[in-house]
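Student: Okay, so TrEMBL annotates it like this:
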type     : residues : note
DOMAIN   : B:6-77   : domain 'Phosphoribosyl-dephospho-CoA transferase MdcG N-terminal'
DOMAIN   : B:88-200 : domain 'Phosphoribosyl-dephospho-CoA transferase MdcG C-terminal'
ACT_SITE : B:133    : active site
ACT_SITE : B:135    : active site
């Protein structure tokens, strides 16, 4: 078990929260909650040791393409592949948007 | 013709010579002792199947390929169900299996045992721990509604340990727990990779 923390520049804080994924092996659970404006904080608890650089690379690639919203993201990883991590993050952001649309 | 191996099937006949030299030492040891390998979900060349080798440590998993003509014996998850009776239920995951069986049988769907519990039932090697989840597979050739999934999960969540149930649709595998929840799309695991879909039985869109 390893706990890793990451920070990235972000936009505005969205409303609502979202929980996607699951705790089965090869999957991950992602909880997204509104964060401090301008800041994206990720807290990763992973069953795979020595994976800090891999997470850093994955997040950098994802958030370089598009500025993320200001969130606190809690990740519980159970050995998911980078492809699955990316899909789960995208899914979480999508769920937040859908929830935002519902509130508007 | 032998049936084509499906994800989670256990296969015997893998020999150490089939492993790449880069494979970890524990993988050689596992294979040399005659332990089965587990079919993975991945696309390979014709004549080979993607398999995973389990080590005895928690994170010891090694993915590789097995030539189909090397298979000497195979067991599917559903074939392991009959082994339940003869196994001492001394761990929460095995107690949960006995507990869940009538409920799973009542669904009318074909179901089976995967993960550590399946490996232990098939080999007698103690791979389960006191805190192990129980991994199960259910074959769902026809759509199961989200409300049906939730009703089933609500019954099964009273089990003595956490159940991790995969629904196997004709398109791939999804987590029953995720299908029972409210997210717009769910993660579908396919041989070509994972993707997010709204209907895991009918792929009108591949969103990955």
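All positions are counted from 1 along the displayed chain.
Yeah, the Cβs are placed from backbone N, Cα and C, and that goes for glycine too.
Quick caveat, the model's predicted, so the values are computed rather than measured.
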Student: May I have the DSSP-based helix, strand and coil counts for the residues of the domain 'Phosphoribosyl-dephospho-CoA transferase MdcG C-terminal' (B:88-200)?
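Tutor: Split into helix, strand and coil, the domain 'Phosphoribosyl-dephospho-CoA transferase MdcG C-terminal' (B:88-200) gives 38 helix, 30 strand, 45 coil.
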Student: Within the domain 'Phosphoribosyl-dephospho-CoA transferase MdcG N-terminal' (B:6-77), count helix residues (DSSP H, G, I), strand residues (E, B) and coil residues, in that order.
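Tutor: For the domain 'Phosphoribosyl-dephospho-CoA transferase MdcG N-terminal' (B:6-77), the helix, strand and coil counts are 15 helix, 23 strand, 34 coil.
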Student: What same-chain residues, at least 6 away in sequence, bring their CB to under 8 Å of the CB of residue B:133 (active site)?
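Tutor: Non-local contacts for residue B:133 (active site): B:93, B:115, B:161, B:162, B:163, B:164.
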Student: Test of understanding: give the count of other CB atoms lying within 10 angstroms of the CB of residue B:135 (active site).
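Tutor: Neighbour count, Cβ to Cβ under the 10 Å cut-off: 23.
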